[in-house]
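Visitor: Straight out of TrEMBL:
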- 32-55: transmembrane segment (TRANSMEM)
- 33-163: domain 'EamA' (DOMAIN)
- 61-81: transmembrane segment (TRANSMEM)
- 93-113: transmembrane segment (TRANSMEM)
- 119-140: transmembrane segment (TRANSMEM)
- 147-165: transmembrane segment (TRANSMEM)
- 185-205: transmembrane segment (TRANSMEM)
- 186-317: domain 'EamA' (DOMAIN)
- 217-236: transmembrane segment (TRANSMEM)
- 248-268: transmembrane segment (TRANSMEM)
- 277-295: transmembrane segment (TRANSMEM)
- 301-319: transmembrane segment (TRANSMEM)
Amino acid sequence: MPENVELQQLVDEELEDDASSQPKRSLCNCPYLGLILATLSSLFFSLCSVIVKWMTDVDPIALAAYRYIGVLLPAIPILIYKQEYVFPKGKRIMLLLRSFTGTAALMLSFYAFRHMPLADASVIVFSVPVFTAVFARMFLKEPCGVFSVFSVILTLIGVVFITRPPLLFSETVDALGSSSEKSEIWGAVAAFSATLFGASAYVLLRALKGIHFSVIMTNFGSFALVQCLLVTWIIGGLCVPPCGTDRYLIVALALFSFGGQILLTVALQMEQAGPVAIARSSDIVFAFIWQVWFFDEVPNKYSVGGAFLVMTSVILTALRKWVLALPDNASLKTKLNILSK
């Protein structure tokens with residue numbers, strides 16, 4: 001989910017600042033604890049997607065507004081404690097742009113979760129890191145070589161298989177099981193748009209490097225809450241969930257989001273960003289499991305093939321990031337030199 005990038009991207013930048021430093025493993029002697037925590041983080045975030053799809057009586061944009069209350073409330077005390085200026089001069093426009101793109105990404109992804117098969121939407125939204133390389137090249141002049149171009153092409157092919165545009169595929173395709181599913185073009189458009197907005201948010205976060213995360217989160221949470229409430233009011237979807245299960249699910253949405261972010265942060269403190277990003281790709285696997293288990297939506301062969309291509313591209317992108325962060329004299333960097341091209 002797009003809101004997951006906040007702490008991950010900030011910690012990623014810190015790790016890249018000192019490529020020669022080793023991840024901390026003082027919390028436990030288990031060498032794989034960081035990867036285990038990253039996988040648990042994916043589990044929590046995937047359950048957030050299930051809740052969004054499950055709560056059909058509440059507009060997905062309204063759920064996004066409730067989600068941002070959970071982002072804003074913890075950020076304000078940290079901002080006060082650190083005595084940071086909430087709207088630093090020279091970064092205001094960048095903060096507003098970052099808040100807008102991040103909010104748009106989350107709203108669109110929630111819409112996609114509601115109107116597409118869960119696994120299909122998750123795969124498309126999870127391809128954000130691949131497109132970030134292109135945007136970083138365009139706006140930050142970061143290097144974008146042959147490998148990055150290959151990853152983007154691979155991802156686009158996978159997205160085409162998942163979305164199955166009517167010009168290339170029939171309107172209805174057979175699933176792997178006995179059922180059939182209809183390709184919803186607007187859900188697919190929302191998912192892909194969420195990916196582009198999410199990639200823009202990544203790039204803007206890089207441009208805001210050096211700003212304390214509480215400043216970014218406070219601006220983001222405030223702007224996003226207002227934007228989501230405004231959009232929900234305009235479309236007539238603003239409501240207070242009825243007593244009972246819906247309210248419990250909203251609390252669960254906040255708890256899973258908070259728990260996922262904490263686990264992801266600890267994982268990145270214990271392990272390098274590249275392996276953690278690979279472990280985070282298990283989000284796609286969980287999405288396929290929940291799609292069948294909770295919603296009886298059997299993925300078709302195009303979805304499975306597209307997911308494989310996108311997941312391969314994301315994993316290769318994470319490996320490339322890991323290789324580039326290794327010291328120049330590392331033997332692994334020499335062996336995987338092709339990934340740095």
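A Cβ is built for glycine as well, from the same backbone N, Cα and C atoms used for every other residue.
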Visitor: Averaged over the domain 'EamA' (186-317), what pLDDT does the predicted model reach?
Guide: 79
Visitor: Do the transmembrane segment (185-205) and the transmembrane segment (61-81) come close, with at least three CB pairs under 8 A (pairs 6 or more apart in sequence)?
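Guide: Counting Cβ pairs under 8 Å (6 or more apart in sequence), the transmembrane segment (185-205) does not reach the transmembrane segment (61-81), since there are fewer than 3.
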Visitor: With the transmembrane segment (93-113) as the reference, find which of 61-81, 248-268, 301-319 contributes the most Cβ pairs under 8 Å.
Guide: 61-81
Visitor: Could you give me three numbers for the domain 'EamA' (186-317), the DSSP helix, strand and coil residue counts?
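Guide: Secondary-structure composition of the domain 'EamA' (186-317): 109 helix, 0 strand, 23 coil.
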Visitor: Among 32-55, 217-236, 277-295, 301-319, which stretch has the highest count of C-beta pairs below 8 Å with the transmembrane segment (61-81)?
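Guide: It is 217-236 that shares the most Cβ pairs under 8 Å with the transmembrane segment (61-81).
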Visitor: Between the stretches 32-55, 217-236, 301-319, which one has more Cβ pairs under 8 Å with the transmembrane segment (277-295) than any other?
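Guide: Looking only at 32-55, 217-236, 301-319, the most contacts with the transmembrane segment (277-295) come from 32-55.
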Visitor: With pairs 6 or more apart in sequence, are the transmembrane segment (248-268) and the transmembrane segment (147-165) linked by at least 3 Cβ pairs under 8 Å?
Guide: no
